[in-house]
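Residues annotated as domain 'TSEN34 N-terminal' in TrEMBL: C:11-79. Per TrEMBL, region 'Disordered' is recorded for C:118-145. According to TrEMBL, the compositional bias 'Basic and acidic residues' annotation covers C:119-139. Annotated domain 'tRNA intron endonuclease catalytic' per TrEMBL: C:196-270, in sequence order. Residues annotated as active site in TrEMBL: C:Y223, C:H231, C:K262.
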Amino acid sequence: MPPPSSEAGDDDGSPPPSPALSPRGTSSTPSLPAPSADVDLTDEVQDFRFLTSLIDSETAQKLPSRGTKDFEPHGTRAQDAALAASRAAMHAALSLARVHPRGGQRAEWDGKDGAWVDKPGGFWVRSVGRVVRVPIADSDSDSDSEDQPSDTMPTKPKSPRKPKTEARTHLHPEEALWLLERGSLDIHWPPAPGEAPFTGLPMSLQGGYAAFLGEVLSLEVFTVYQYLKRAGYTVLRAGENEGSVPVYKAAAGNPLSVLFARLWTALFAPQPAHDPTTNTSIGPAPTDPTAPRVTYHVYKPLPGFKKTSPGPPDFYVSVINARESCFPSERQLDGLLAQTPYHPPTGVTNLYLRLKKGYRDVVLAVVDQGVAWSMAIWTS
Amino acid sequence: MSYGTGTRNRRPNYAQLHARPLPLITTPLPAFIPHNPLSLIRILHALLLPYIAPPPSHPAPRYQAYFSPATRSVHVTDPAAVRALWESGFFGKGSLSRSEPTWLEGEKRRRGLGAEVTSEEVTAKRRRERVEFKRERARLEREAVEEQLRKEKIAANGGAVDELVEKVAALEVTEVNGSAQAGESPETVEDPVEVVVEASDLKAEAAADPETAPAPSVQDVDIHLVNQEHLQLSLEEAFFLTYALGVLDVQLPSSSSPTLPTNASYLHLFRTHSRFPPSATLTPTDPFLLRYAVYHHFRALGWVVRDGVKFASDFLLYERGPVFKHAAFAVMVLPSFTHEYWFEDPLGVKERRRVEGERGGRDWVWLHCVNRVQTAVVKTLVIAYVDVPPPGEEVDDVGDVLGRYKVREFCLSRWSPNRNRG
Amino acid sequence: MADITVAEPFPIFAVANKYILYDINTVTYIRRVHHICGVLIGNIPQAAQQNVFSGIPLELIPEEARLLVERGSAYIVDDVASHRRGLTDLSAAERIAFVSVLEKQGLEAALAQKRKADKKREKHFEKAGGKARKRGPDREDTELESASASYAVSRAASVVPNDSDVQPLCITPTTSYPPLSAPKPTTALLPPASPSYDLFAHLHSKDYFLSPGLRFGCQYLAYPGDPLRFHSHFLANGVAWDQEISLLNIVAGGRLGTGVKKGYLVGGKDDSRDEVRVFCFEWAAM
């Protein structure tokens, strides 16, 4: 961490200029040299006139890293015109309808949470949705074509037949809503009684929000899911992916050196009240519904990802509603971190790197109309 | 590196000045060189010496200080003690300075006696430059806006702009510029802070010029200049020096007995004054106990721990000291209740709720505010949970009381999905 | 757009304790007239894999929804119940009519897309033909190139937009209220008032645009004008009049605000005088 420059070496009272804001006014005024921190473009509302830089390379205007906003209204018509142009650009950009070619995948709302997909295909199937075996609706009145009786065999008495099942792809509500918003999937309401499936009315975006948000999926969780998917990650529910969390195996060392190390630490090393090396196992999700828990396992967008065997997740994300919870207590934070794998910083000698890595870590996604990300690391 | 004898602005050798991490004298064991038998003798000598003729480890007369109830802190006035406490471990803060007690140096410079430049003066100079720069920038902006307004007015009134109007416009521009400059003085009057800075700048500039200012003899100075500053130790620092290290004696204001108070009475006093107004009833949740547990914990691990109110945290952790590198960590102390007393006993529940409601209730907005402050000054936020024991017997053994508290740290840093991809 | 207006009172849809708007006209209207911005939480279909820009729907914080309802400009609709009722109430004829409307829109969208693609192709061929014409004086090459160029131009000309073989696209409509009947205005539902609602309403009445500021360490960010155009002036936090404020919080806020050139604002309602008072803090170091 490079310290801010100071001649006398003590912490200065005045903070350096923040990178989050552009200098006041137009570009003709002199500006101070900017500190080298990253600029997070999602921090501010950006002008929609720069949206074209992302979609149309021909008329692209480069997205300025700091924007060209003013400090206060000064009544010039130029400023009013710029504002009207921005608002018009926003209106135009958001008025476009979601279209996709006919013949793509379609799905149907299953009535409580999620949707069934008709013929899964397309790029998203690699990372979204799960195959569920569902009993076929009319398996009772099975036609003889299912059976293949051999003429040579004597007829057996009819044993109770296991219901026939078929493999269908099911989407969780956040997955279905995300695909609907992207315009990749056509979702239908359940059909009128007596009609064939997938012939119900097509779901609008508004209908999608009404159908999929509710007790199971809150808007906070969906916001985080959507943010991560738009950034390109693969996101799986933690509750269904527990088998992928790696269990820690201590490296077997020379027994003599292990004994010596234990003796040394017992005699000379300070004894911390909480020894992080004592508990290396993965704990269960907390039973208290208000306690924070790991919501999603997130994987970086690398090729070769398999839904059936995803491997150890890259990040563990816990979604927190800022308005309805406080900063967790020690016990709650401990319970939350217990659901993440234990990874001691062995072999790292640099103090700062050791502290940065820590023994366990979790990503906290705190949501209040927009996500604030931070990482909590158990250092010792 | 040596002290700059000729030039005044050479930085002092901090590594030499602050060689000792604590105000104790330690004799390290000499290195063991296997092939040199003499090194073995040296080691034996060093090991046996403490039993035969022990070298002093503590300062011979202990440092003296007195407790000030008005400021709820401990004051040290003896110059030798002040220097020793600051140099070995960075304890305390100069009451008239930003951190290191430099008031006397600054005063000498102000009177033209040629002392070294203090850090406050360096900072003041930098701030003056920044204020100038901002003023210039604001003036240019204002001109740009006025220019734009004027153009629009012409466009609204005119249509085609002919040469005559252009000439008038050119004249107007100069007039506008002139009025902008003239208009600056009312601006500065409205801004009292800037005016004050300017006035003191002029004085400082005049006094700082050593060639023109007369140089009275040094002896005159020593007679007339009394150090108005004292070293201010926070309650945690004073207790650490008294109890953990045993190098400090704190005089209590109203005590008339010749014997000094015990550590237990210091603890009682500091606990009483950790709340405002001072409360006679002591509870396990006294802020002094929580803060001291964390202070002692990090000092024992080797960090230099200083107060962090400047950065909206409880403590700042430095690896070697503030003069070497900026603090890497800002510590926030949070009480943690795990014992069943705090959840089942009605008094315990009431006390727990009261403590948890302090500081606005630890909501996420507060956390992000603090986290953003730390990020802006490149520090990592450390949350130190202190496990509070249930109230037990009030014993005199300080170690027993303190030993019931447990400290556990978590680091909190900002994370970005965009920066962590791939 | 100066001329977009929406009939008042307009519906705000409540889903899972959140207040959401889906109609772009309403979004633009409340921004211009009521100074309510909300937060866009949806996807932009034409740029789906990025997080800088978001699209419809617009989420309103409970304070914003309550303000609009109290003004009488809007009313709350329970969207889940409304959908459930509306879908069962739709007759078969209405369904068929709606589906055909969607088909027509899909066809129009497909035609528009095709025309855009055709135009692009034409431009591309024109550029290629232009390049050929500009080429050097070598006669053999010129003939060959002009032949190919003229072939290309003629081919572009001969591709008559044949609309009959265009497949209509599938449209996902944004709002549900063309097929469903618009719900009736009612004042039965009022969003709850949070403890800082008084401050919100006060700042809003002073013509500030307010947006949530969790990420910046405050409850609301106060902008002097539209956030599209202006930087925010204040980091606002609402507190109760008798609530104790820790000094460390003020230090943190003052330091944070001054670092990003904003004022740290704390405000609340003084019930004895029935007015909202606000106070600003600024960092002034030694």
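Cβ atoms are placed via backbone N, Cα and C, with glycine included.
Recorded features from TrEMBL, shown on the structure.
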residue : record      : Cβ neighbours (10 Å)
C:Y223  : active site : 24
C:H231  : active site : 22
C:K262  : active site : 24
How does the domain 'TSEN34 N-terminal' (C:11-79) divide up by DSSP, counting helix, then strand, then coil residues?
24 helix, 24 strand, 21 coil
Where C:K262 (active site) falls in three-state DSSP terms:
coil
Cα separation, C:H231 (active site) to C:K262 (active site) (Å, whole number)
9
Helix, strand, coil residue numbers for the domain 'tRNA intron endonuclease catalytic' (C:196-270) per DSSP?
25 helix, 22 strand, 28 coil
Measuring Cα to Cα, how many angstrom lie between C:Y223 (active site) and C:H231 (active site)?
6
